[in-house]
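So that you can see what the record holds, here are the features copied from TrEMBL:
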{"type": "TRANSMEM", "residues": "12-32", "note": "transmembrane segment"}
{"type": "TRANSMEM", "residues": "110-127", "note": "transmembrane segment"}
{"type": "TRANSMEM", "residues": "133-150", "note": "transmembrane segment"}
{"type": "TRANSMEM", "residues": "184-212", "note": "transmembrane segment"}
{"type": "TRANSMEM", "residues": "224-245", "note": "transmembrane segment"}
{"type": "TRANSMEM", "residues": "295-312", "note": "transmembrane segment"}
{"type": "TRANSMEM", "residues": "317-334", "note": "transmembrane segment"}
{"type": "TRANSMEM", "residues": "346-363", "note": "transmembrane segment"}
{"type": "TRANSMEM", "residues": "375-392", "note": "transmembrane segment"}
{"type": "TRANSMEM", "residues": "404-426", "note": "transmembrane segment"}
{"type": "TRANSMEM", "residues": "438-458", "note": "transmembrane segment"}
{"type": "TRANSMEM", "residues": "691-711", "note": "transmembrane segment"}
Amino acid sequence: MDSTRDTFWQRLHWPLLSTLLTIALAASRVLINPRFYFTDDTERGSFGQWWALGEYLSRGELPILDPSAWQGGNYFAEGQWGILSPITWLIGLTAYAAPDAAVHVTIWKIAFLAVFSIGMYLLATQFGSSRPWAALVAVLAPAAGFTVYMDAASWSTGLFDACLFPLVWWALRRAVEYGKSPWPYVLASFTLITIGYVFGVIVLVVVLVATLVEHIVRRDRIRILRTLAASAWGALWTLVIYLPAMATSAVTTRSEAPYENTGFLNADVADLFTTASPLTTGSIYSWNGYTDGPLMYIAWILPLFPLFLPIARARTLVPVFVLGSAMLAFVLGPSDLGAIRWPIRMMPYVVIAVLVVFAVAATRAYPERITRAKVWWSFGLIVAMAYITWVAEMWSWKSILVAAALQTVALAAFSFTGSASANYVAGRAPRWQRQTNLVVVASLVVTLGVGGVQMLQWRESPLPGVDAPTSTSALESVLEDASGDAIVVGDYMKGATDPESWDERLMANLWYLSDTNVSSVYTVLPFSAYATDLCSDLRGVTCDDALDVLWSVDSETGLPVADLLDVSTIIAAKKTFPSQPVAPDGWHLAEDGDYTWRFDRDEPLPSAGGVTWTGEGTLIADETVSDTSVSFTVTSVGSDPRVTLSRLPFPGYSVSGATLTDPVRDYLLTVSLADASVGDTVTVTFLPPPFPVLVASFVGAWLVLLAWLIARAAARRATRRSAPAPAPASVAGDA
């Protein structure tokens, strides 16, 4: 029994140590900056949508479409809402119940970083790393620069996919290479895909294709079939999650995305020499010039790589080399490839590949294969990386010198504890285990120290925060007394750092916490015609002309644009409108705040979604409105048989009893009753497009899984039947 306990502890203590250290390092950032994980897109995007998702789920609903959110309300097309992701449901429900937004997102992000550590440990050991080296890279990977300062701080869905990917890859190899149960892969890949971050899916596609090609070359029929099953499962769910966005993109600004290289959030070759320097920035260009953060940093220990070269049995690492090469090509590639932009997002996957190779190489070489020549090669790499980094960032010479000195000391320690053996035997001799444990534990300590110093230099993400209140009750109290739908005009970003300004307005998806429906929410798919008319960006910020447009009279319908949009409240930013705007008839100044003007209608309109205009002589009655449908009875068809609704004409709308026609103002859903008769019922319905394909893909995914499970069960039964029967036991007295 003691032996069993010892074995279990030997298997557990390294992954447990790496996970606990990852959690400790991640949590230490909050001690320095309590808002570290609550900034930029998390602050104005993720938390608000999670809260809204939790609100829907608490009512037993899934969000599909919200007309009042206008260009941000097509939730299936938005993708990153994670509408079909149970893990996102859990995040949403806890967000809806959370009293503090920053605490909520911090807990979830640290939990995902812990998953990252566990996945890295499993993946590295699966490729052949020993437990100590796997534990080291399991701490290094979640501490890499881009993961910490971009994904963890701001880009939540990017973090989630990067953290899940090692686990997905481990589960894929477990199912395909070793014939184990597909359930870990099925669950992990389903979670990664349904989170809705397309870059993680791109990486999964690369791995699946590489795996398939490898087994085709080897003519391994069984593994080819397993890979095809894994690929079909992932592909069908990818269609379900991402096809609505693709089908919708034609009416959004995504269809206008260029193919070009502006040098924005991509790297050049010289930046690769900064990957071992934790306190330098490289030359990554972003919104405010060169980005003040270690986005290219992978690990301080990288210059010691030559100690472990050449890698014994390197062929087993071909899948890792393929992934690393593909992701590196992406990072160094053009900044914009249509809707796929900002390729530095792929740095976490470069990190994963590099560190898996490092762990396996160290396992196969240390300490028996450490030679004096390799020590000099490593020292030369330290000098070269330091010099090239210094040339690019001469002002950071102190940080560069400190990093180089640290690496030189580590090199000396590795050289001292390891030496070449003339009688080398593959495997780990017991006498070397102490040296390995010693250098790994020392490296873990250094990693914690480097992370702490790094955090003291950069206490926050280079992405901009707006210091929004973290109390959900404070956020919910903003604009709680308005009637009908609201919109914000002007640049709400100005003055955001003043805490008192948050009493008068919220920003982007934080508006979901307000009791009032506000259209100025975040979207990844700005509707082109709507965004142009109101000069609105993806965050809901508008130019000053938006107010004039809202109060102007549409020449085609004769109604004010605000009437066509069912807007009942307008909040105008005083930084954009320093003088009080003159309200037209039917509106009044409801509040003269320190930061905003608030205008309300004298008679509020219903929320968006219903009929706002009918053509000359055309009348309707008995209107019924829901988020995804409108129905009414035709009482008169005039010379102009059109009916306009306060909805964007997203692909996915269908009409019974009438036909769709050209949208009013190019962005207001309009139907024609030309073929309708008095008394007819007209129903306008929205379903995520192309709905039949989505249903077929949904059903197909489960059929693929069922077939996979049945085939595996049949193969296992056949194997058991073909196994030779055990030899009969000998009986005492037999001659």
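Yeah, the Cβs are placed from backbone N, Cα and C, and that goes for glycine too.
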Message: If contact means at least 3 Cβ pairs within less than 8 Å, sequence distance 6 or more, would you call the transmembrane segment (438-458) and the transmembrane segment (224-245) in contact?
response: no
Task: Could you tell me whether the transmembrane segment (317-334) and the transmembrane segment (12-32) are in contact, taking contact to mean 3+ Cβ pairs under 8 Å with a sequence separation of 6 or more?
output: no
Query: Is the transmembrane segment (346-363) packed against any residues at least 6 beyond its ends, judged by a Cβ distance under 8 Å, and which are they?
result: 120, 123-124, 127-130, 133-134, 136-137, 140-141, 144-147, 151, 158, 162, 165-166, 199, 203, 295-296, 298-299, 301-302, 305, 307-309, 311, 316-317, 320-321, 323-324, 327-328, 330-331, 428
Message: Looking only at the recorded stretches 110-127, 133-150, 224-245, 295-312, which one has the largest tally of CB-CB distances under 8 Å to the transmembrane segment (375-392)?
response: 295-312
- prompt: By a Cβ-Cβ criterion of under 8 Å, what residues six or more beyond either terminus of the transmembrane segment (133-150) are in contact with it?
  reply: 14-15, 17-19, 21-22, 25-26, 29, 113, 116-118, 120-121, 124-125, 158-159, 162-163, 166, 278, 293-299, 301, 344-345, 347-348, 351-352, 355-356, 358-360, 362-363, 366, 436, 440, 443-444, 447, 450-451, 454, 458, 461-463
- prompt: Is the transmembrane segment (295-312) packed against any residues at least 6 beyond its ends, judged by a Cβ distance under 8 Å, and which are they?
  reply: 136-137, 140, 143-146, 149-150, 267, 271-272, 274-278, 280-282, 284, 344, 347, 350-351, 354-355, 357-358, 360-362, 364-366, 369-370, 374-375, 377-378, 381-382, 385, 403, 406-407, 410-411, 414-415, 418, 426, 443, 446-447, 450, 454, 462
